[in-house]
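According to Swiss-Prot, the protein carries these features:
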SITE      N9  site 'Discriminates between blocked and unblocked aminoacyl-tRNA'
BINDING   Y14, F64, N66, N113  tRNA binding site
ACT_SITE  H19  active site, proton acceptor
SITE      D92  site 'Stabilizes the basic form of H active site to accept a proton'
Amino acid sequence: MKVVIGLGNPGKKYEKTRHNIGFIAVDNLRKKFNISDEREKFQALVSEKNIDGEKVIFFKPQTFMNLSGNSVIEIINFYKLDPKKDIIVIYDDMDLSFGDIRIREKGSSGGHNGIKSIISHIGEEFIRIKCGIGAKERDAVEHVLGEFNQTEQKDLDEILEKINNCVIEMLSVQNLDRIMQKYNKKKEISK
């Protein structure tokens, strides 16, 4: 079993913000796999699909970003998951250029409060896909809680497709090093 976790904040107010790229990516994956049902469980919105013979749960914590770990630990404990190999967390990263993604097997929170919350519950060893939202000269909170601008919006579909492909490979291929080599590059978005 795998759990694909997208981080974000619940509610209409936040749904199109940069900070919600994890929710947006999970919703895009659900669309790709034709999953329409979503239910509340583990303080999250949860949907599932059997993909290549393995149960995959798509998971969006509804605790608000800073408390994401409270939700994540519930599903890990319920299914007795090994965070090192059974979960993939997708979230925004201001330190990466917009459109870049980085896959990591472990590490610190990098100042991301959602990741900090998860680490406080399960430790630093879990697979994560960091999605670059760029750093702006303005206030960090204003930037992450701001909506994608027109230029970013034009590239968003292509970025989400890259994230889709990355997650699909992670679900079917066991060689994470090869996947990291392929995707941990500067963005290659067509203009």
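Using N, Cα and C of the backbone, Cβ positions are placed for all residues, glycine too.
Computed from a predicted structure; not experimentally measured.
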Alpha-carbon spacing, N9 (site 'Discriminates between blocked and unblocked aminoacyl-tRNA') to F64 (tRNA binding site), which is rounded to whole Å: 5
Residue among recorded positions Y14, H19, F64, N66, N113 with Cα closest to the Cα of D92 (site 'Stabilizes the basic form of H active site to accept a proton'): H19
Cα-Cα distance, maximum over Y14, F64, N66, N113, record's tRNA binders, Å: 16
Cβ neighbours within the same chain of N113 (tRNA binding site) - under 8 Å, at least six residues apart: M65, N66
Cβ-based neighbourhood (8 Å from the centroid) of the tRNA site, residues Y14, F64, N66, N113 excluded: N9, H19, T63, M65, L67, S68, G114
Least surrounded among the recorded positions, given as N9, N66, when other CB atoms within 10 Å are counted: N66
F64 (tRNA binding site): secondary structure state under DSSP, collapsed to three categories: coil
DSSP-derived structure type at Y14 (tRNA binding site), helix or strand or else coil: helix
Y14 (tRNA binding site) CB neighbourhood, other CB atoms within 10 A: 18
Around the Cβ of F64 (tRNA binding site), the count of other Cβ atoms that are within 10 Å: 17
Local Cβ density at D92 (site 'Stabilizes the basic form of H active site to accept a proton') - other Cβ atoms counted within 10 Å: 25
Same chain, 6+ residues apart, C-beta under 8 Å of the C-beta of H19 (active site, proton acceptor), given in sequence order: G8, N9, M65, D92, I133, V144, L145
